[in-house]
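Asker: Feature table excerpt (TrEMBL):
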- 62-168: domain 'Receptor L-domain' (DOMAIN)
- 186-342: domain 'Furin-like cysteine-rich' (DOMAIN)
- 365-483: domain 'Receptor L-domain' (DOMAIN)
- 511-640: domain 'Growth factor receptor' (DOMAIN)
- 776-797: region 'Disordered' (REGION)
- 812-875: region 'Disordered' (REGION)
- 921-958: region 'Disordered' (REGION)
- 652-673: transmembrane segment (TRANSMEM)
Amino acid sequence: MFLEATLLKIKHEADRKIPQWLLVFTWAFLIPPSVCLGTDMKLTLPSSPANQYKILELLYTGCEVVHGNLEITHLHGTPDLSFLQGIVEVQGYVLIAHLSVASVPLDNLRIIRGSQLYNSSYALAVVDNVGLTELRMRSLTEILLGGVYIGGNPSLCFPDPQKIQWNDTLDEQNTHKHLYLQQRSPNCQSCSPSCKNRACWGKTDQDCQTLTHLQCASGCLRCKGPQSNDCCHKQCAAGCTGPKDTDCLACRHFNDSRICKDSCPPPTIYDSVAYQSKPNKDKKYSLGATCVKECPQNYLAMPVACTKVCPKANQEVITILSNGEESQKCEKCDGECPKVCYGLGMDTLQGVRAVNASNIKLFSGCEKIFGSLAFLPETFHGDPVTNTSALEPTQLDVFQSLRELTGYLYIEAWPANWTDLGVFENLEVIRGRMLYRGVFSLGVQYLHVESLGLRSLRRVSGGLILLHGNHRLCYTTSIPWAALMHPMEGPHLILSDNRSPEECGAAGQSCHHLCADERCWGPGPSQCVSCLKFRRGTECVEECNIQQGLEREYVEGRTCVRCHPECRPMNGSESCYGQEANQCRECRHFQDGDTCVPRCPSGMKGEQHNVWKYANTTGHCLPCSINCTISCNVLDDRGCPVHPRAGPGTSIAAAVGGLLLFLILAALLVFYLRRQKHLKKKEAMRRNNPEEHGVRERAHSAERDSEYYRVLMGRAFSALCYQSAEHSLDWEIQTGGRSMNLSVSTLGRSQYPTLPMGATVKGQWGPSYSVLARSASHRSAGDQSDSVFLDAMPESGSHLNGMGPGLRYYEEPTLAGGGDSHVETDGPVAFSSQTLSQGGWGQPEYVNQAMQSGGTGCAERPSTLPRRASGGPRRLCSGLAPGSSVENPEYLVPIAGHSPAFDNPFYVDVAKARAMGADMEGPPPPRLPNGFVTPTAENPEYLGLADPWSRQRERGPT
């Protein structure tokens with residue numbers, strides 16, 4: 001009632017000559033604007049001239065806001081163009097061309113936004129209109145972007161293109177102010193005297209140009225008058241009725257429920273109290289220059305706007321709502337987007353006009369194509385300009401799998417001997433988000449087909465449907481076009497110049513009698529839109545095969561559904577009540593549980609093991625007594641596995657394998673017993689003769705590590721070569737003075753042998769001693785030895801005073817006070833008589849004899865254990881400090897710049913020495929010439945195990 005009253009009031013006010021701009025403003029804000037789609041035809045004629053008027057009438061009747069371009073072209077005679085009077089806003093450009101009509105009534109057009117420009121330059125183009133005399137655009141006060149082209153209109157009187165003040169209409173921020181204005185015809189009437197500057201769009205007083213910028217006060221973009229308080233809000237365009245953003249005649253950016261804004265309400269807003277973003281309950285989407293709560297049908301919703309094509313890294317998601325409507329939106333891909341099929345106008349086919357031989361392979365196996373399909377004459381004749389060959393008709397079979405097309409389907413050429421479009425028989429949806437020439441979602445023109453054959457088509461969204469010039473085409477009136485279109489779009493259908501229904505009926509081209517309501521896409525029971533009785537697959541039938549027929553069926557609604565092949569056909573009753581194998585009344589072959597099967601499972605792989613069953617006399621599958629899992633090749637007459645009998649080959653293989661296993665085990669047993677016997681023998685030897693065992697162990701260790709245990713007695717003896725063979729000791733005499741050098745030595749410079757502290761060449765060991773000391777080293781290759789030459793002996797040899805003819809050594813070095821019975825000689829050795837310097841050592845009688853010093857006695861040996869009662873740095877009689885390393889020859893840290901080598905195979909039986917020290921309350925064991933109690937590195941004291949001599953010294957003499 002309110003709407004009717006409003007319309008009546010508007011009409012009454014119009015009769016009272018209320019200004020037209022106020023009527024348009026009231027209409028625009030009281031009633032939500034009606035949005036329609038523009039076109040992209042430019043100067044082409046997409047169909048016949050008669051169809052051109054129908055196209056414009058269908059597109060713009062009741063339209064207020066054109067999303068796209070307003071193209072009014074190829075109109076002749078005196079058509080009724082009153083449907084154009086409701087247009088208020090155009091998003092793109094306005095093109096008026098090739099008209100012979102007298103006037104174009106765009107009286108309420110107020111703003112041209114210029115989001116698209118004609119020839120990339122013009123928002124308004126009036127071109128080559130022979131009969132056009134009056135262009136009624138008196139409400140036009142704003143062109144946001146683009147210029148004006150008016151030319152080739154010989155009869156145009158209103159407006160005078162050169163009298164209109166375009167600098168008022170063109171926005172001052174417009175960067176494309178291109179103007180091409182023709183001269184006015186000399187035979188035209190003048191504007192009304194009330195029009196200033198003789199600028200008008202017609203001959204009446206209401207046709208005077210309305211100025212909204214030039215008369216404004218300084219700083220106003222648009223105004224309603226010359227006063228400073230007449231300025232419009234900065235969000236206004238085309239003028240206003242007041243200073244607020246709700247008083248605008250049009251919005252510069254966005255119209256949000258009659259409020260002009262810079263942007264639509266965002267999906268999230270910032271909560272300054274909680275310091276976080278939260279969803280905005282008032283969010284809206286941008287649709288052109290309008291804010292909408294929901295995106296219209298056939299648009300895809302994004303977070304802030306409505307679109308027709310999802311951007312990159314996004315995918316289209318369509319869901320069915322509870323009311324049956326579709327929710328279409330773009331969502332970001334999780335990672336890489338899935339591969340899809342693109343049609344014309346998308347991806348690599350951007351700018352391609354038609355399907356041809358070079359691109360048809362891209363559509364193979366596609367169920368949904370994002371884009372469009374067009375078949376033009378160049379498709380089947382080839383294109384010499386692009387060097388494209390003709391398409392073979394058999395190549396069209398790639399479209400058999402197509403079910404959805406997001407763009408348009410336009411066919412202007414087709415194989416001559418084909419009577420329908422059967423390759424698209426499975427096509428269900430044409431969404432029409434992109435339109436052919438901006439107009440058609442489905443277009444079929446100038447073909448020789450007799451029927452469309454689109455039996456699966458259920459929806460055509462957006463745009464118009466055009467069937468024109470198909471002189472053999474029938475069945476066009478038997479298709480429910482209104483049911484295919486969305487209810488809000490209406491049946492936008494143009495049927496013209498096809499075969500008449502009368503001719504089709506006379507030729508017998510009518511729907512099959514089983515088609516309900518005579519609705520069909522072509523001849524035969526498979527082309528029915530719906531069936532009168534029952535449908536089997538794609539065909540309409542009289543009845544289902546419930547009680548007869550080779551393949552039995554059951555009824556589900558009005559559809560015949562085939563029973564499972566394993567269901568037994570029943571005579572006089574239904575054979576099944578579902579299409580699964582467990583929904584049979586009786587089984588055709590065998591029954592395994594509740595399921596009919598062609599044969600009982602014989603070795604069929606189950607969840608955990610193979611399943612073996614056999615059929616009894618009633619055809620039921622029963623489990624076998626043996627459930628074989630490996631090598632089940634032997635079966636009985638029922639099909640169950642049996643235990644295989646062992647043949648001679650199997651027995652031989654088993655015997656050979658067993659024998660080999662026995663031999664291996666026997667060998668391992670013998671090895672184990674011999675090993676145990678050896679270990680027991682070794683243990684017995686250790687218990688019976690621990691000293692000899694220790695000697696052998698240490699001899700082995702000395703042989704391996706002789707390089708690290710080498711020690712020379714300073715320059716106190718001749719060059720001795722120690723060689724170890726079969727754990728025996730040999731000493732060789734080498735004479736002759738030589739300079740000191742190292743031959744085949746693995747010792748570093750710091751490991752060379754030096755004199756003990758307190759000994760000099762003129763001291764106890766004179767230069768007449770042997771010069772070569774040789775010791776076997778496990779690091780020497782073969783029989784080589786590390787040799788150190790001491791240049792300290794004259795050419796003529798002599799004997800030490802008091803020494804025997806041969807170099808002697810103790811048989812048991814640990815017995816410090818042993819007699820001659822323990823002394824052995826090893827050949828003659830000559831020593832020269834020498835004297836020691838004051839405080840020097842006495843002459844040794846034996847190689848390993850302890851030396852008595854005139855100084856303070858030192859009977860302790862180096863130890864790795866810490867000193868418990870030492871008040872300062874520890875010193876040995878040799879002037880060395882003991883280190884903490886055992887396996888390294890640098891374990892003795894020298895105080896001076898020399899480090900004596902330590903290489904003696906003798907050892908001290910620590911246990912025996914400790915026992916003797918406890919029994920004998922005498923002096924500590926004597927020292928050796930090198931200043932140590934024992935030279936061995938195998939002694940437990942160097943391993944940090946004991947320090948008996950240190951403890952004895954700490955206790956002091958009793």
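Just so you know, the numbers here start at 1 and follow the chain as drawn.
Each residue, glycine too, has its Cβ placed from N, Cα and C.
Just so you know, TrEMBL annotations never went through curation; they're auto-generated.
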Asker: Looking only at the domain 'Furin-like cysteine-rich' (186-342), what is the model's average confidence as pLDDT?
Answerer: 92
Asker: Pull the DSSP breakdown for the domain 'Receptor L-domain' (62-168) and write it out as helix, strand, coil residue counts.
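Answerer: Output for the domain 'Receptor L-domain' (62-168) reads 8 helix, 37 strand, 62 coil.
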Asker: Kindly report the helix/strand/coil residue split of the domain 'Receptor L-domain' (365-483) according to DSSP, in that order.
Answerer: 20 helix, 30 strand, 69 coil
Asker: Using DSSP, how many residues of the domain 'Growth factor receptor' (511-640) fall into helix, strand and coil, respectively?
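Answerer: Summed over the domain 'Growth factor receptor' (511-640), the classes give 6 helix, 43 strand, 81 coil.
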